[in-house]
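Taken straight from Swiss-Prot:
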ACT_SITE  Asp141  active site, proton acceptor
BINDING   Val26, Gly27, Met28, Gly29, Ala30, Phe31, Gly32, Leu33, Val34, Lys49  ATP binding site
DOMAIN    20-299  domain 'Protein kinase'
MOD_RES   Thr171  phosphothreonine
MOD_RES   Tyr173  phosphotyrosine
Amino acid sequence: MAEFVRAQIFGTTFEITSRYTDLQPVGMGAFGLVCSAKDQLTSQAVAIKKIMKPFSTPVLSKRTYRELKLLKHLRHENIISLSDIFISPLEDIYFVTELLGTDLHRLLTSRPLEKQFIQYFLYQILRGLKYVHSAGVVHRDLKPSNILVNENCDLKICDFGLARIQDPQMTGYVSTRYYRAPEIMLTWQKYDVEVDVWSAGCIFAEMLEGKPLFPGKDHVNQFSIITELLGTPPDDVIHTICSENTLRFVQSLPKRERQPLANKFKNAEPAAVDLLENMLVFDPKKRVRAEQALAHPYLAPYHDPTDEPVAEEKFDWSFNDADLPVDTWKIMMYSEILDYHNVDAAAQEGENGGS
């Protein structure tokens, strides 16, 4: 039985196994508190995320279960990886992942990025998205603060709690407004992996300019800012809007022409502008895919088709439509955690030659 120790962080009880020491608060999210710590077993710095009251409601239980399943399934250099998970005696859940020193939001607010860093960061974002999308997963909430970076400029995408299945009927909006694809914002009926490419395009533009590309005050203002630059959406795209109110709003706007992005990004090289043009397209069907974007000339210094892996198997979303009571989610969660530790123990035994 693991020994647990308690610490008070921001008035919150952190109850962790004695394997972890030197707890320091890193950040507070909507669903949990994150601390850095030292892993006594590996001597590595780690991030420990406490999921607050994961079993308080069926919705929270399902969200936590989804994040756990995704973290277990997604294994890629540009995706944050799970190194431990446990349930404390108080029945809080703790995810332990690798610790990266900063995130893209902090980098962007501290100084302008040089060209080679912009290229390398965008390459890694798209490399991660290619893998995630091949697993049948859409992140849906890609933004600079969800993109972690270490001192070697290695980049990892995190926070898959809002991720959803690739589903033609996906609806609702979840991502931070500035980076939200128009098909989510306008509640068009269908959206898919292309929403992440739009978000990546907004992040790319922010790296080039040093400030958000579409800083809308609300949804109406956001859409207006987008059309000022990209013009009015084509009619065939407008007709995919399901909400009558949204459709009337879009049709009431003055017609605008798309502006050449080269006029706005005067300091960017033509190849960068060309890739951005292909990422920020109203029609999701005409928006470049992550795999195609990786092969764009702008990313030629890093592109290596033999080192841009896809997922070995699709993620199993069969649980996602389930409407289950908290106790059932809890049993499923315990089962997943036991499975994680059994698989982990077997892998370590294999590495040690079965000794």
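Cβ coordinates come from backbone N, Cα and C, glycine included.
Keep in mind that what you see is a predicted model, and the values were worked out from it rather than measured.
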Listed binding-site residues (Val26, Met28, Val34), ranked by Cβ neighbours within 10 Å, top entry:
Val34
Inter-residue Cα distance where the pair is Val34 (ATP binding site) and Asp141 (active site, proton acceptor), in Å
18
Write out the long-range same-chain contacts of Gly32 (ATP binding site), meaning residues 6 or more apart in sequence whose Cβ is under 8 Å from its Cβ.
Lys49, Lys50, Ile51, Met52
